[in-house]
């Protein structure tokens, strides 16, 4: 050991290196574009896996049963179900909270602004359905008219994230609001046209969950953890109705308070006292960990009380959603097998082209057209910072139908050839919409950059 090296000096150096490593990791985790890259890599891995010699392993893995039991009660669901209907509820919770914040003080703060995503979403449903029906007017092929009406919100947001900070935040909010409305319309279409109806008793259970949330908010429960219980009740109620249970996340997100809870002691005063206690404790060369615990706890409480719940929970969940849940969702759902698709079968080509054209051209036409009409008539206004170029970007990205479109296709077609053709059309359309959206987004960002002399 050299004279300048001692255990005491080695520890601070190791601590500095660790802090730098965690700081670098934290920067990566908060780069929007990096989360988009991770999502696309997961999707590419799934697509390659599903079309490799190990394709059977891919499908068997995601359909592995996961069981949970207490005494005589037990439940068993596939891994695929737990991701799509369980973990994705957290994704929709974050989306719902982002929209809640914007309704309070942002891009959706008044009716003229909030009505635009609704009109755009309806245009993005009607026009693709009409285009598909024109190309497939009869027979079983006509049953797939709803396939191109859907938008895969997770992939659309993931591709938008690749554009990073170059795109105004209100464009993202517009896309989120539109995609959620699109999702709700898709659920209604499935319930009315592709199922035996809804079990309305589930709405009573869902209502109980909502009332539990309102009651807990009323008595001032600030911690997020207790709300898991009424959230689970709401989720189960929606599952029982036949609707997509992940919508429970949207409902909870929209119910999240936008104001910090009223505390007896002002959070800044509490934080100041806690920091003073910490300073006094760490003045000793060897502070007692037991004495540090209380001021650290008070500091965390001050942080909790200072931030509105909608911001606090969203910030806490964002890294887990962006780098955990969304890549898992992509890995579990992007594995579309192209093996055995017979495009020479009757109706296959028209189904594939109908889906492809309706998603790539119909979605943007419907969204841009409805938005232009509403703004031109004076019924709506573009959100602050959103130009017509931004509306075009949202229209293009909304053409990423992917998982929701595939789900509707499996309900619409009994013929395996038509189903295979629809899946191929969805895959080609989603890839095309993503590429066109990225190209248009980079073009828009470049136009904003000042010319270098």
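Cβ coordinates come from backbone N, Cα and C, glycine included.
According to Swiss-Prot, the feature transmembrane segment maps to 28-48 (among others), an assignment based on sequence analysis.
For 79-99 (among others), the entry in Swiss-Prot reads transmembrane segment. Residues 61-64, 66, 108, 153-154, 157, 173, 176-177, 180, 231, 235, 239, 244-254, 256, 310, 313-314, 317-318, 320-321, 325-326, 328-329, 332-333, 403 of the same chain, all 6+ positions outside the transmembrane segment (79-99), place their C-beta atoms under 8 angstroms from a C-beta of that stretch.
Residues of the same chain lying 6 or more positions beyond the ends of the transmembrane segment (115-135) and with a Cβ under 8 Å from any Cβ of it are 108, 142, 144-149, 151, 174, 177-179, 181-182, 185, 350, 353-355, 357-359, 361-363, 365-367, 369-371, 373-375, 379-383, 391, 394-395, 398. Per Swiss-Prot, transmembrane segment is recorded for 115-135 (among others).
Look at Swiss-Prot and you will find 144-164 (among others) tagged as transmembrane segment, backed by sequence analysis.
For the transmembrane segment (173-193), the list of distant contacts is 92, 95-96, 98-99, 102, 106-108, 114, 116-118, 120-122, 124-125, 146, 149-151, 153, 156-157, 160, 242-244, 247, 250, 367, 383, 386, 390-391, 394, 397-398, 404, 408, 411: same-chain residues at least six beyond its ends, Cβ to Cβ under 8 Å. The feature transmembrane segment is assigned by Swiss-Prot to 173-193 (among others), with sequence analysis given as support.
Taken from Swiss-Prot, the feature transmembrane segment covers 196-216 (among others), and the record attributes it to sequence analysis.
The transmembrane segment annotation in Swiss-Prot covers 241-261 (among others) and is backed by sequence analysis.
The annotation transmembrane segment is assigned in Swiss-Prot to 321-341 (among others) on the grounds of sequence analysis. Same-chain neighbours of the transmembrane segment (321-341): 29, 35, 38-47, 49-51, 55, 58-59, 62, 79-80, 83-84, 87-88, 90-91, 94, 154-155, 158, 161, 348, 402-403, 406, 416-417, 420-421, 423-424, 426-427, counting only residues six or more beyond its ends whose CB sits under 8 Å from a CB of the stretch.
The transmembrane segment annotation in Swiss-Prot covers 355-375 (among others). Within the chain, the transmembrane segment (355-375) has long-range Cβ neighbours (under 8 A, six or more residues past its boundaries) at 115-116, 119-132, 135, 144, 147-148, 151, 178, 381-382, 388, 391-392, 394-396, 398-401, 405, 409, 421-422, 425-426, 428-430, 432-433, 436.
Here Swiss-Prot flags 393-413 (among others) as transmembrane segment. Away from its own ends, the transmembrane segment (393-413) comes close to residues 84, 120, 124, 140, 143-144, 146-152, 154-156, 159-160, 167, 171, 174-175, 178-179, 182-183, 186, 189-190, 194-195, 329, 333-334, 336, 351, 355, 359-360, 363-368, 419, 422-423, 426-427, 429-430, 432-434, 436-437, 440-441, 444 of its chain (Cβ-Cβ under 8 Å, at least six residues beyond either end).
Among the features that Swiss-Prot reports, transmembrane segment is placed at 424-444 (among others).
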### Query
When each of 144-164, 196-216, 241-261 is checked against the transmembrane segment (424-444) for Cβ pairs under 8 Å, which one has the most?
144-164
#### Entry: Sequence-remote partners of the transmembrane segment (144-164) [C-beta within less than 8 Å, at least six residues beyond its ends]
31-33, 35-37, 39-40, 43, 88, 91, 95, 124-125, 128-129, 131-133, 136, 171-172, 175-176, 178-180, 182-183, 185-186, 189-190, 193-194, 322, 326, 329-330, 351, 354-355, 358-359, 362-363, 393, 397-405, 407-409, 412-413, 418, 422, 425-426, 429-430, 434, 437-438, 441-442, 445
### Query
So which residues does the transmembrane segment (196-216) touch in its own chain, when a touch means Cβ under 8 Å and the partner is 6 or more beyond its ends?
226-227, 229-243, 248, 251-252, 255
### Message
With Cβ-Cβ distances below 8 Å as the criterion, list the same-chain residues six or more beyond the ends of the transmembrane segment (241-261) that contact it, or say none.
### Response
84-85, 88-101, 103-105, 180, 183-184, 187, 191, 195, 197-200, 202-203, 206, 209-210, 213-214, 217, 220, 222, 227, 231, 234-235, 267, 305-310, 313
